[in-house]
């Protein structure tokens, strides 16, 4: 189980250790194979191991030099750094805490099966294992024999530690291009300056008409983007209303081409056509004033001149992106560089002329082929992989099930596809207006969209499959919180919810078992909230006992207690918590009421008193221990001053959320849970993260006015 994340990594490491033991001659550095757990529980295993050292691009440089089939993209690094992908790996600890240089590897195929039963060896390509193993073996042999392993190569600048990063990307997995950020800045600045000089010279030679034509060219690019995004987003909004699933393309990502790329392409063509009409109108007025030509000749010249300006719109948009990326030192800026320089070179070599007075000629097909060959080769794989990543993320998109609109994942994918199409097809579409191919292309786009929609609506292509399943959770919940600590008997029920957008109607129809679905069934699981889900109370009395319910007890309450330094600590509440044998639990503390706290197990202080940052108004502690882990803890709560003042206010209104909320988990099946799981549809698979409850969870809480 967990083949891609990541028992296969263990297998590769074992094979690497075996291979290196036979090749270990002349090594100048030790090689440590670290097999650690605790990644899902907050990267604790890696955090327990790391030591201090200096970051350095040495690792990626040597990987590029040694790997047999180098595959790596700085674009993925930029995505993680931006926070667009919220997942974290052990490498984050090595890099941020220990300052180590390193490489992070992940499989990008079938990533929709992440953290489900379908992450199995059958779906992992043997070539992927071989690819990872061969590259790592070559890299480790070189690294172990190297005499230049960095011991800490930080540069000091204005009292801060600055480290030069690397820009890297591979070409079809056979060669890796790599250069330092300093060189990238110099290269980008050079291209930006030269581009600005060329544009300035062109505008000076062309005068006022050239400046207006440039402005209308920019308008054409804007219209192209607006229409493309609008067409694709409209479909993204409509799809959840007419389809059985708001994300019908999960099991078959190629459907996104027909559902979103076809409308986006049609929108881009429409937007550029409008810009083309406006530009032609201006050029017609200009030509009529400057030269006397026959109407037929003049009309042809206007079309040819408009075609050239639309082609040059691509130069301008990629120049702007290059300047922005260079200013913010984004590694992925190399993509803008490749989409600017080769097309500009091809145009200058085959099309440009230095004389301001000349009749335009049709753009050569060679210009397009020569200009786009390199950028397509370098970046097409990046764009396809990113689209696949977005599709995979949609499977687990709802962190709080039902908490985000069903259309949101579609909109993100649609906007990404539309923007990529507009940026990359601006050169190609400029050829379409004179070719007479606009109508056939528009019809083909419409046909592709309609066929894809028919496949979805008819159920011919299902949204999920047994291998690429919908992520669901089935949890037997025993809620002892009542109305924030009330004394009534615990409420027992089964909760069914999904992190994949969409209703659970079809799933419940197959399972039966008395489930009722809706947005009224909100369950607070401490680390997440089920905003939409299905509950059943039928037959949930068995499989648990009152002795499993965790307890929260206020031991003492004090005011004006002085610490050892003579400071007034204000109001302090001492609480004891008994997890009743659970070794995996989550505790949330109201950060609006409590400004600080200490957390102890016996005499050992696990969380000291210091400045703490909350998340969404809560301090959250997650715990995961072994079979013999302790389950009794003491909590000292230091109230915020405004809470102490409001506590003495007799007219204070009842606060609507608890002071503490607790969830304890047990990895065991009650009879009702087992029955539900046995009826779970084949297109569903249990999904789990460190924040997810296990199959049996107990809830309890302590009210503010205890």
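A Cβ is built for glycine as well, from the same backbone N, Cα and C atoms used for every other residue.
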Can you dig out which of the ranges 175-195, 196-216, 280-300, 301-321 TrEMBL describes as transmembrane segment?
196-216
Which of these ranges is annotated transmembrane segment in TrEMBL: 254-279, 332-357, 462-487?
254-279
The annotated transmembrane segment range in TrEMBL, which must be one of 126-155, 366-395, 516-545, 546-575:
366-395
Under an 8 Å Cβ to Cβ limit, what residues of the same chain, 6 or more beyond the ends of the transmembrane segment (223-242), are close to it?
248, 259-261, 263-268, 270-272, 274-275, 406-407, 410-411, 413-415, 417-419, 421-422, 426, 429, 449, 456-457, 501-502
Which residues of the chain, 6 or more past the ends of the transmembrane segment (366-395), have a CB below 8 A from one of its CBs?
73, 75, 79, 85, 108-109, 111-112, 114, 169, 171-172, 247, 249-250, 253, 256, 334-335, 338-339, 342-347, 349-351, 409, 412-413, 416-417, 420, 424, 427-428, 431, 468, 470-471, 499-501
Mind tallying the domain 'Peptidase M28' (2-53) by DSSP state, helix then strand then coil?
27 helix, 0 strand, 25 coil
With DSSP helix as H/G/I and strand as E/B, how many residues of the domain 'Peptidase M28' (54-139) fall in helix, strand and coil?
45 helix, 1 strand, 40 coil
